[in-house]
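In TrEMBL this protein carries:
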DOMAIN    306-395  domain 'Fibronectin type-III'
DOMAIN    397-496  domain 'Fibronectin type-III'
DOMAIN    594-707  domain 'Fibronectin type-III'
TRANSMEM  710-730  transmembrane segment
């Protein structure tokens with residue numbers, strides 16, 4: 001049989017095609033010779049699709065089918081990448097038995113016409129509206145009128161696209177389309193003319209299919225009404241009639257649930273379930289690009305989400321609060337959780353109908369709220385009730401006030417200014433209504449004096465004589481007084497003796513405050529440091545701070561500390577409420593440069609030195625830093641620094657000065673040596689502190705005098721020798737006779753002008769021929785010797 005079949009051909013008997021313009025699909029139907037069906041042969045079909053705009057086969061597909069005897073025609077669907085309106089499409093098919101190698105003849109082409117063959121009234125774009133999934137491809141065509149050419153075919157906003165026009169047909173394809181900020185993308189087409197009928201436009205939307213609903217769950221507050229909630233998922237970028245649509249259905253009722261869906265951050269929908277106890281809810285979300293579902297099956301009694309408690313009220317004492325509330329009756333047992341916010345943190349207490357909180361602070365506000373849940377088959381807590389703020393009742397103040405004093409001697413005694421503040425361990429336990437100050441002499445049992453001050457005050461001044469006094473201060477609220485805080489004021493002579501011998505020491509500021517240290521003494525049980533936050537004002541914002549017996553240093557910080565202000569600190573040791581001044585400190589949070597330069601009153605000049613004299617420079621509290629000394633800057637006008645004993649100093653303008661440092665702030669003069677005579681110099685004197693010095697702005701200018709010693713030397717070395725030479729030249733003969741007489745030659749001397757008497761070769765003078773000018777008589781001894 002197979003050998004016989006190899007030589008048989010089973011042609012396609014007919015072909016029909018149709019098109020689905022919505023899905024852009026060609027629907028092909030065909031059949032083959034009945035003998036092939038009778039034999040139930042396995043057949044192969046080759047299907048070709050031809051497009052008229054390109055005049056070539058655009059698709060070929062092979063299909064294998066096993067025939068049956070039912071006589072039903074065969075079907076095949078082809079998805080077109082372009083709208084089917086754009087051009088005509090033709091289909092043909094041929095066949096062969098799988099056991100045969102011989103193909104039948106091709107069927108005749110079957111064609112479905114596109115609108116490119118019609119004569120429309122203007123250009124037309126297909127599709128004229130479409131919803132496209134982000135990331136997919138989309139193709140458009142523009143069909144012009146007969147006799148017209150498509151001139152422009154483009155998108156707004158501009159996005160990359162493949163554009164091709166061929167006569168009256170334009171094609172445009174966008175790959176991997178993405179969502180833009182605009183709600184839709186417009187497509188424009190223009191023929192080769194400018195009239196209104198030469199234009200057409202269409203739009204398409206880019207979006208996403210809906211996400212599967214997240215956190216889909218259902219619950220009930222009263223076992224009769226069910227509310228389902230879910231997170232809607234990401235933005236689909238499709239709105240209005242294209243936005244996601246939600247439908248809920250119950251498997252047990254087999255009907256859609258009639259409820260109104262509302263969405264903001266979460267979506268919800270509520271409906272009445274009457275007596276139904278078991279539910280199997282399906283949520284379907286759908287938009288033009290897809291559909292997703294989520295399900296939730298539950299027993300209604302296991303999904304109790306109670307309403308929030310209401311009508312909270314309380315009963316309280318100074319240390320306890322009992323809180324009560326009401327609940328909606330839903331026929332099941334509930335248990336509740338109370339949250340109480342208090343100054344030192346959060347307390348959570350479990351209870352059923354009420355709760356009592358113990359160990360609370362008097363006259364303190366607590367904020368409580370309650371939520372409840374099912375005692376059995378717990379699902380989740382209800383919403384919190386409205387917060388209830390409760391204040392406990394007052395009690396007597398606990399602890400003592402932190403007190404201190406400032407003593408000023410006056411005529412006949414002392415003014416004592418008392419200060420107080422609430423120490424960390426002090427608890428007002430109510431509203432402080434007044435402070436009571438009492439004082440009496442320590443030495444005798446005289447009647448004490450007292451004053452009462454309203455709670456708005458934190459200081460007062462009293463006058464006492466030179467005796468020692470005991471001062472106590474208490475705080476009062478509506479219940480009782482606090483324990484007294486006590487100070488012992490020493491006698492006037494003791495106070496004078498303790499502070500007269502102390503000298504102030506400098507202290508340094510840091511980025512965080514002013515560091516104070518002191519020498520600890522074992523006899524004291526505490527130390528106190530006091531100071532003024534604003535020394536220039538009266539009152540000066542007086543402050544103090546206490547430290548334990550083991551302390552020997554402290555970092556004093558305050559938001560009121562500013563650079564350039566001198567702060568004075570007094571350090572006291574205290575034992576048995578009696579304070580003794582131990583040390584005095586003074587310092588700056590940060591030192592600043594001096595406010596002005598020293599005033600140079602006098603300048604003494606020599607040919608090679610200059611001595612500067614200036615007035616006494618103030619070193620009091622008005623200065624923004626401790627005066628450390630002076631700098632003297634000198635420089636010739638046209639030269640860099642080259643003076644011996646100085647250091648090079650470069651100004652911001654890169655000019656150079658010679659710098660001399662004076663480390664003694666008491667110094668009032670300085671001599672700059674090694675200057676050049678007859679030279680112009682600029683100089684300035686600057687005071688400096690720990691914060692540096694002010695910028696150099698104004699110079700003094702000097703001219704050193706001419707050096708007379710050079711003139712004297714010139715006279716000695718040049719003028720006098722020259723004068724002597726001139727005189728010598730003028731009296732040269734006299735000088736020569738005096739200084740350099742002519743030595744006579746013996747042969748030319750008159751001595752030899754005598755009559756010659758020769759003895760041998762020598763001329764001999766006879767004494768008788770010589771007439772002497774002077775006669776000298778030698779001594780007898782010399783004569784005898786001769």
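Including glycine, each Cβ sits where the backbone N, Cα and C put it.
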Secondary structure split (DSSP) over the domain 'Fibronectin type-III' (397-496) reads 5 helix, 56 strand, 39 coil
Determine the mean pLDDT over the domain 'Fibronectin type-III' (397-496), rounding to the nearest whole number.
91
Counting by DSSP, what is the helix, strand and coil composition of the domain 'Fibronectin type-III' (306-395)?
0 helix, 47 strand, 43 coil
